[in-house]
Amino acid sequence: MMPSILPTYNRAPLSFVKGQGTWLTEADGRRFLDLGAGIAVNALGHAHPTLVKVLTDQAQALWHVSNLYQIPQQQALADRLVELTFADTVFFTNSGTEACELAVKMARKYWHDKGHPERTDIISFKGSFHGRSSAGIAAAGSEAMTAGFGPLLPGFIHLPWGDLDAVGAALSDTVGAILVEPVQGEGGIRPLSDECLKGLRQLCDDHGILLILDEVQCGMGRTGKLFAHEWAGIAPDIMMVAKGIGGGFPLGAVLASENAASGMIAGTHGSTYGGNPLGCAVGCAVLDIVADPQFLSEINRKAGLLRQKLEALVAAHPNNFEEVRGTGLMLGLKCKQPNTDLVAAGYTAEILTIPAGDNVLRLLPPLNIADEDIQIAIDRLDRAAATLSTP
Ligand SMILES: Cc1ncc(COP(=O)(O)O)c(C=O)c1O
């Protein structure tokens, strides 16, 4: 019989009733250490007191008004993002997928209005993930996501991950943009090298095309800078953001330069809920905390500590793990056994991790994870791995 929830997820038999910091309590009382953070969403952990207060205060005052009116919380968040990044303008969405939709539309409208409507192609990369909408699956292009959903949105050229030569060879008069995750998340925690990101920027500059970065997973402090591309010292023209920006409240955004956004005039795009007072009030509070240079430097310190301990874990379990990969608090353990077995062993050891592509176990803890919780995480991962060790 068809379940009442459309069965598109394979769900673990776990049902959480409470969250506090990096900890989740299961209905039966067990406490799980959460190294998934809702897939990089709970950037400040569960029930952060400041976010709870901001959300409940805003809920007492006003939940929703349409974008037909001024929304001061939205204005404040947009102003702050513009101040802190390359962007001149921001559109708020409810999710990363929605941000992808707008990024694609924005690039196409840009070229249309510049008198080059033929420049509709967007170069993207194999192993990418940009969401599950028609544009998102067409952009990523993997068979696993697209099979059965055709006809796909045309205009995406899928190249090998990080292959600058292939990008150079694929550039033509119909290409208008390059779309890339600075660190692939779903694809298996694969950071693009600074050289490659700089190379993509250079190619875009040389050919006058747009660089679109998908920082839905790797942005908002996850790599130890507010946005991952800052490590390479480059700026995109358009950037997709979501997940951590709402700290657990559904919120996303497209940030853009004035030039890239020039086609998006009144009536060209919209969203009923995008930029609502609740989401933006929380987003302002998240950004105040995460953009603080001291908070960012703490992320880097914690990331160093976690990575060092993970390297030791890998050395202690050569049958289970091949290597540590990733950057900042966006880390992965490349597994030798099926990553899903390790995720399941983690459930028994009361630790939550997330499977990713390329047989990687993804670790995306809250950015403010306590040092003692890092040690508990290692102890529990050690226990989980030990239960699977082959003789
Ligand atoms: C890099 C990236 N882009 C886009 C998305 C889609 O975001 P959402 O699930 O919020 O629609 C995700 C989600 O995992 C992602 O990791």
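Every residue, even glycine, has its Cβ placed from backbone N, Cα and C.
The secondary structure of T97 (pyridoxal 5'-phosphate binding site), as reduced to three states from DSSP, is helical. Here the Cβ of T97 (pyridoxal 5'-phosphate binding site) has 20 other Cβ atoms within 10 Å, regardless of which shown protein chain they belong to. Under the heading pyridoxal 5'-phosphate binding site, TrEMBL lists G96, T97, F129, D214, E215, V216, Q217, T272.
Every protein chain considered, the tally of other Cβ atoms within 10 Å of the Cβ of R132 (N(2)-acetyl-L-ornithine binding site) stands at 15. The feature N(2)-acetyl-L-ornithine binding site is assigned by TrEMBL to R132, S271.
Following the DSSP three-state reduction, the secondary structure of K243 (N6-(pyridoxal phosphate)lysine) is helix. Contacts of K243 (N6-(pyridoxal phosphate)lysine) defined by a Cβ separation under 8 A and a same-chain sequence distance of 6+ are given as I39, A40, V41, A43, G96, V216, Q217, G219, M220, G252, in order along the sequence. TrEMBL lists K243 with the feature N6-(pyridoxal phosphate)lysine.
The binding-site residues close to R132 (N(2)-acetyl-L-ornithine binding site), defined as a CA atom within 10 A of its CA, are T97 out of T97, D214, T272. The secondary structure of D214 (pyridoxal 5'-phosphate binding site), as reduced to three states from DSSP, is extended strand.
When the Cα of S271 (N(2)-acetyl-L-ornithine binding site) is compared against those of the binding-site residues T97, F129, D214, E215, the shortest separation belongs to T97.
When the binding-site residues G96, F129, E215 are checked against ligand 1, G96, F129 have a Cβ within less than 6 Å of one of its atoms. Counting neighbouring Cβ atoms within 10 Å of each of the binding-site residues (D214, E215), the lowest count belongs to E215.
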